[in-house]
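Report on the structure given below.
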Amino acid sequence: MIIRAVPVGIGHYLPERVVPNAEFEAMEGLETSDEWIRARSGIERRHFAAEGETTSQMAVTAARKALDHAALNPDDIDAVIVATSTPDLTFPSVATMVQAGLGMTGGFAFDVQAVCAGFVYALANANALIVSGQANRVLVIGAETFSRIMDWTDRTTCVLFGDGAGALILEGRDSAGTPQDRGILSTDLHSDGTHRELLYVDGGVSSTGTTGVLKMQGKEVFRHAIEKLTKTADTGLAKAGVTVGDVDWVVPHQANIRIISGTVKKFGLPMDKVIVTVQDHGNTSAASIPLAMSVGVGDGRIQPGHLLVTEAIGGGLAWGAVVMRW
């Protein structure tokens with residue numbers, strides 16, 4: 001017998017403010033349209049955090065929903081991992097703020113920063129903690145307020161991103177170790193820092209002393225995304241001992257519909273096996289995968305025993321995949 005990290009609870013939170021593409025059409029000097037945005041990204045609307053609403057507050061709300069779904073109390077959690085690139089403060093971590101917000105009195109907490117690949121990296125960390133016996137239950141959260149780092153004069157980026165949070169609870173359970181058993185079957189992580197200029201924020205504590213805004217070379221990111229996401233997903237499946245034909249759902253990072261459809265096509269799967277939420281959420285960076293998972297579970301598409309592939313790529317570049325049996 002071995003220990004598997006099994007999903008036992010999930011939840012998400014989206015800010016109240018819904019921003020349709022029409023709001024960007026009305027912005028002076030931006031020169032964009034609903035048709036232009038939909039054609040290039042598939043995005044119809046996104047959610048923006050209210051003034052004063054923080055990443056940690058959204059993370060706490062999503063976490064409470066995941067705890068309710070799992071019928072657990074905060075003190076049942078051994079560790080909290082938050083994937084985010086938009087923390088409330090330089091320090092302490094958002095994860096410790098979540099601990100405080102939930103009223104947790106024990107365990108440990110830390111943040112992971114891999115931008116849009118953050119949730120995949122956080123899942124891999126949580127899995128390692130569980131299978132090594134260092135934690136039994138881990139609360140894994142992706143939460144972002146990307147609306148705070150947008151360049152509102154750049155139509156190629158500001159229309160793409162949204163805010164939100166998603167939370168998943170993993171629990172260690174005995175397993176025979178077969179691909180048919182529930183839990184995380186494999187993880188596959190990569191990064192290449194030589195591509196920093198393709199996607200970054202031009203501010204920081206030790207450099208400019210400012211928050212900065214997001215900068216992206218979209219065409220180059222697209223090219224790397226299709227190649228790297230397909231390869232990491234293939235590797236993840238091979239590590240798990242399963243094939244593309246075994247996959248019930250792909251739950252990708254919701255970057256834009258072109259990257260999602262291009263990757264899945266190269267992967268050899270139809271779009272009806274993909275959980276797509278980008279039209280409603282935009283790109284919520286590290287929050288996008290748990291948001292999509294939560295929607296898929298909530299509407300009944302994702303069922304116990306289903307085989308899921310999650311994959312993501314973000315600034316760094318950093319990318320990876322996780323294969324799990326729900």
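Note: Cβ is positioned from N, Cα and C throughout, glycine not excepted.
The C-beta environment of Cys116 (active site), restricted to residues of the same chain at least 6 apart in sequence and closer than 8 Å, consists of His253, Ala255, Asn283, Ser285, Ala286, Ser288, Ala312, Ile313, Gly314, Gly315. Taken from Swiss-Prot, the feature active site applies to Cys116 (among others).
If you look up Swiss-Prot, you'll see His253 (among others) marked as active site. Over all protein chains present, the Cβ of His253 (active site) has 32 other Cβ atoms lying within 10 Å. In the three-state DSSP assignment, the secondary structure recorded for His253 (active site) is coil.
Per-residue pLDDT, averaged over the region 'ACP-binding' (254-258), rounds to 98. Swiss-Prot lists 254-258 with the feature region 'ACP-binding', giving sequence analysis as the kind of evidence.
The active site feature in Swiss-Prot is assigned to Asn283 (among others). In the three-state DSSP reading, Asn283 (active site) counts as strand.
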Report, as numbers and ranges, every residue of the chain located at least six residues beyond the region 'ACP-binding' (254-258) whose Cβ falls under 8 Å of a Cβ in that stretch; write 'none' if there are none.
40-43, 116, 160, 222, 225, 276-279, 281-284, 288-289, 291-292, 313
